[in-house]
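Now, the feature entries from TrEMBL:
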BINDING   Lys127, Gln190, Gly222, Asp253, Lys396  UTP binding site
BINDING   His223  substrate binding site
Amino acid sequence: SFIFIQDFSKAMSQAGSSQFQEVIRQELEYSMKVELDKILATAHSNELEHTKKDLEGFKKLFHRFLQEKGPSVDWGKIQRPPEDSIQPYEKIKARGLPDNIASVLNKLVVVKLNGGLGTSMGCKGPKSLIGVRNENTFLDLTVQQIEHLNKSYNTDVPLVLMNSFNTDDDTKKILQKYSHSRVKIYTFNQSRYPRINKETLLPIAKDVSYSGENTECWYPPGHGDIYASFYNSGLLDNLIAEGKEYIFVSNIDNLGATVDLYILNHLMNPPNGKRCEFVMEVTNKTRADVKGGTLTQYENKLRLVEIAQVPKAHVDEFKSVSKFKIFNTNNLWIALSAIKRLQEKNAIDMEIIVNPKTLDGGLNVIQLETAVGAAIKSFENSLGINVPRSRFLPVKTTSDLLLVMSNLYSLNAGSLTMSEKREFPTVPLVKLGSSFTKVQDYLRRFESIPDMLELDHLTVSGDVTFGKNVSLKGTVIIIANHGDRIDIPAGALLENKIVSGNLRILDH
């Protein structure tokens, strides 16, 4: 008999006696096992093996979810990281490069996290296929960067894409166009886990299929899944057999995450002779990054703490730019042999992120996820490197897209660099309103991308369009009230202006 529980954590806290709590936990786990067995029974023989692995992985995660109580960090134990555990990039760069940098590069594999869809920007299909610059997509730019590296140094750095069941088919179709490029491209898939009903804590899927009306029943469980999936795919062992030693992992939408030879050299030829198994690139927080995860010292280990793990009473302290000055860019350098060792010992420990979602029909579900950087505490001799902001250039919204498409950046061999004509190193703060959220609406509203070299701040709200060759300087605020429309004429120069309602242009 299964006990229906409106809210699991509430029931647990009211349950009191640990004995009773244990009974409830066992009931929940047993019911979950029954449901997963039913789902597995619907698998065809050709999908049985990987479905089984996926559901085993999910079962472990669910077990841990039932064991955990409340926020997973004890705030009193959080300390600032020791001085030498986060190195300034300048210090690492100052060591220079050895003559044999090619032999070091040949031990590297570039891994891009490619499981995400472009839904937040109104696009169907993989986010990596959105056009970013001169018709080039995120994936095009990535391939160009690595191809340039391989040609320049006569090396063989492969690209590995971690796809999800959402992005795999579309990505593989596109990969055919790179068959003659000088980059070996491999893919493997993230696990596919069942979403669970928030009230019953049972899977909403009834069978293994994930097409049609069943698409909402499944999810890829966050990029923390990389360790198990990479290992299970067999690709990890193949790359080790080829003599590869490190992977450089980053989000495919972070255009600043290019291969850095100085960091790679620091890993392969450490100054003290002791190699790091895990390096996390961090960068200084600005007001825009207060929610980013930060590196702390916790029980004598470097540990990534995310906002979701922070007890409510301490959230403001966590967001403070003065106490926690840095955040995780999710550019990570990890030793392949260490992943293999830890994966075989089942010793990679990552906190569970409980991600609540409401489906189209109104059903409340939760998905259990993990984050790749959270594993830092399981590796030996981990290190943070405080890198320039230019290595963190994610495109999450069309406001970000406007920046990378503009003349603030120049494109060279797939890499974007800040234009030398920009007088200050920071990027402008851009806030585009809801009329610009979808990529196709955004593109329709700009006849050409404005000159933004001297822009500090841009806010646009309402029905606004931009003609060709507009220049924006200083602080520009354009607000079309409901029912009004503002067309910025071709060739207009707006410098420290507020444009409102009926196209009156005022000095700011």
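Backbone N, Cα and C atoms are what each Cβ position is placed from, and that goes for glycine too.
Just so you know, TrEMBL annotations never went through curation; they're auto-generated.
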Quiz item: Using Cα coordinates, what distance in whole Å links Lys127 (UTP binding site) and the residue listed as 'substrate binding site'?
Solution: 15
Quiz item: Which ones in the same chain are close to Lys396 (UTP binding site), with CB under 8 Å and 6+ residues apart in sequence?
Solution: Ser120, Asp253
Quiz item: When you measure from the Cβ of Gly222 (UTP binding site), how many other Cβ atoms are you left with inside 10 Å?
Solution: 23
Quiz prompt | Number of other Cβ atoms within 10 Å of the Cβ of Gln190 (UTP binding site) across all protein chains | solution = 27
Quiz prompt | Rounded inter-Cα distance in Å - Gln190 (UTP binding site), His223 (substrate binding site) | solution = 8
Exercise. Enumerate same-chain residues with a sequence separation of six or more from the residue listed as 'substrate binding site' and a Cβ-Cβ distance below 8 A; give 'none' if the list is empty.
Key: Leu113, Gly115, Met162, Gln190, Asn251, Asn330, Thr370, Ala371, Val372
